[in-house]
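Taken straight from TrEMBL:
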- A:P2: active site, schiff-base intermediate with DNA (ACT_SITE)
- A:E3: active site, proton donor (ACT_SITE)
- A:K59: active site, proton donor (ACT_SITE)
- A:R262: active site, proton donor (ACT_SITE)
- A:R113, A:R152: DNA binding site (BINDING)
- A:275-286: compositional bias 'Basic residues' (COMPBIAS)
- A:238-272: domain 'FPG-type' (DOMAIN)
- A:275-297: region 'Disordered' (REGION)
Amino acid sequence: MPELPEVETVVRQIAPGVEKRTIRGLDLYWARTLSGGTRARVERAIVGARIARSYRRAKWIVFELAAGRGALLVHLRMTGRLFVRATKEPASDYVRLSLALSGGKRLDFEDVRKFGRVHWCADPNEVFESLGPEPLADDFTAEDLHMALTSRRRMLKPLLLDQTVVAGLGNIYVDETLFASGLHPLTASDRLGRADTERIHTNMRRILARAIECQGSSFDVFYRTPEGQPGRFQDEFLAYGRDGRPCRNCGTELIKLTVAQRGTHVCPVCQPKPRRRRVAKKKRTARRTDTTSTSRP
DNA sequence: CGGGTATCCTGATAGC
DNA sequence: TGCTATCAGGATACCC
Ligand SMILES: [Zn+2]
């Protein structure tokens, strides 16, 4: 469900409901949802702690606790959701963890597929160390991106999905960015020129910013804002989920590929396969003597 | 190092 | 209609 724009929306909407409240208790309904310590250890750290502030880093939602009690980091993965409810409201389906809060509220973490995590840590930097830059940060330049992409040879799409390179993109926004940039997802990253990386940088930031304005993208039951509304950016998709439909740019039918085990939507005309080689082929088969060859298409 | 695959889970829906 | 196969906004641990 959640990529940078959805997570940003969740943080903005959830913040007023939790900041300045004190955690009174922890209810855990799926053990593996909680990480970063045993339940007892985490409970000892957070119960009685006040939530000082909340913010987003990459796809993490961060609840910073006051008085050196560490932080709770929430990752929604595929189907996670957060809602603030009144204590007396009945529990909804798929609640995996719930924090009792002061003021008669609670914070529910729901997650159909159970991939999401609520992670406690003494210092969030432990987790953030391995993350790349925020794509919307003022100091994230096209030059930074150029270096990050061209300093190694990787397939372009998996590289953009790699959170250590740029933090926050997922399958939707990578497909949209590549379409807008006219680049094939299998392009070898070290073959990108300045003009290419410049376009990726510009388009990525424009698309993410616009998607935040739209409060993210919804196209099934999973992603809802904490206020319960679907996002609106799906109405502006040019690539994601549009396979079999005409390209908005040239009219050609979009196709769907699989890249890095992810559904990948491309216009075969606007995003031509790189002429040269794509990413390193493994050139096994030292020499074919052809003695055993049978069928050869 | 880079890329492919399996794994964690459940439910919606496409296809027969 | 009913059953089964496929797929899903993520990330990571292995294997070659
Ligand atoms: Zn096109």
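The count begins at 1 with the first shown residue.
Glycine too: its Cβ is placed from the backbone N, Cα and C atoms.
Note that this is a predicted model, so its numbers are computed, not measured.
Of all the recorded positions in the list A:K59, A:R113, A:R262, the shortest Cα-Cα distance to A:E3 (active site, proton donor) is found for A:K59. Of all the active-site residues listed (A:K59, A:R262), A:K59 sits in the most crowded Cβ setting, with the most other Cβ atoms within 10 Å. For A:R152 (DNA binding site), the spatially nearest entry among the active-site residues A:P2, A:K59, A:R262 is A:R262, judged by CA separation.
The recorded positions shown are A:P2, A:R113, A:R262; of these, the one with its CA atom nearest the CA of A:K59 (active site, proton donor) is A:P2. Secondary structure from DSSP puts A:R262 (active site, proton donor) in a beta strand.
According to DSSP, the secondary structure content of the domain 'FPG-type' (A:238-272) in residues is 0 helix, 12 strand, 23 coil. Sequence-distant contacts of the residue listed as 'active site, schiff-base intermediate with DNA', defined as residues of its own chain at least six apart whose C-beta falls under 8 angstroms from its C-beta, comprise A:V10, A:K59, A:L76, A:R77, A:G80, A:G170, A:G216, A:Y223. Here the Cβ of A:R113 (DNA binding site) has 12 other Cβ atoms within 10 Å, regardless of which shown protein chain they belong to. Note: the Cα of A:R262 (active site, proton donor) and the Cα of A:R113 (DNA binding site) are spaced 17 Å from each other.
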